[in-house]
Amino acid sequence: MSDTLSPIDTAKFVAAKRAVEFVEDGMKLGLGTGSTAFWMVRLLGEMVRNDGLKIVGVPTSTRTAELARQEGIKVISLDEAKWLDLTIDGADEFDAELNLIKGGGGALLQEKIVATASDQMIVISDVSKQVDTLGAFPLPVEVIPFGWQTTKALIEETLVSMDVLGQRTTLRMNGATPYVTDEGNHIIDLHVQRIGNARQLALILNQIPGVVENGLFIDICDVVVIGHGDGRVETHDINSGETTEGLVHFAENENIFSDMGD
Ligand SMILES: O=C[C@H](O)[C@H](O)[C@H](O)COP(=O)(O)O
């Protein structure tokens with residue numbers, strides 16, 4: 001459908017384009033992180049500059065804060081906002097109940113705080129992230145650097161005690177050094193293959209000393225907008241049970257594609 005974007009980027013773009021239709025004047029928005037959320041922030045920037053949309057945004061990472069400012073979106077802190085109308089963010093996996101794995105880009109902690117402090121969370125995703133059971137994507141767990149090897153061992157013991165299929169854990173690296181999150185923490189990725197009881201695992205992981213937060217988002221997401229490479233979008237609302245389908249039209253020469261940077 002698009003000569004400018006690959007099918008995967010088209011899918012991400014159309015999901016974002018449909019999701020920003022939920023945004024209304026005066027809203028306080030949570031701004032997600034990642035390659036799908038990138039389009040959402042770009043589109044909101046256009047709406048602010050061209051249509052006079054009045055919003056304030058609470059970013060979920062330093063990357064998103066920088067992009068939002070570049071786009072002319074007024075950025076405030078969560079403490080200034082206190083509560084948000086809507087958060088739009090990507091995900092690494094989502095299931096039929098709209099439970100999620102997030103944190104592939106390392107931003108899960110701020111993302112979970114921001115999404116939880118929102119009346120509504122919309123996930124934007126390409127169709128490849130839809131799964132029957134969460135867990136094929138390695139589950140990120142944010143840990144404090146102090147004693148991280150002990151925390152990692154405790155996480156592995158927990159996986160064994162819960163009989164989780166696949167108990168390998170790896171410290172996320174950034175080249176030769178451990179990856180460091182915006183909060184100065186590390187991330188341990190859990191290669192569990194399949195998470196039978198995501199609700200229970202999310203609770204138990206957070207009880208391990210040294211664990212700050214895990215990437216399982218349970219009962220937080222309200223709506224998922226799924227984009228396809230041919231421009232189709234599906235929207236599922238978990239609260240109303242409503243599902244809609246449509247086609248998002250966009251012009252190849254939209255300004256938004258002219259300075260994509262990367
Ligand atoms: O930490 C990163 C976030 O949870 C992202 O929303 C998630 O990894 C999906 O990112 P992307 O849209 O780039 O696939």
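The backbone N, Cα and C atoms fix where each Cβ goes, and this holds for glycine too.
The annotation in TrEMBL ties Thr33, Gly34, Ser35, Thr36, Asp89, Gly90, Ala91, Asp92, Lys102, Gly103, Gly104, Gly105 to substrate, and of the candidates under consideration, Lys129, Lys152, the one tied to the same site is Lys129. Pairwise Cα distances among Thr33, Gly34, Ser35, Thr36, Asp89, Gly90, Ala91, Asp92, Lys102, Gly103, Gly104, Gly105, Lys129, the recorded substrate-binding residues, top out at 16 Å. Listed in sequence order, the residues of the same chain lying 6 or more apart from Glu111 (active site, proton acceptor) and placing their CB within less than 8 Å of its CB are Gly32, Thr33, Thr60, Ser61, Asp89, Lys102, Gly103.
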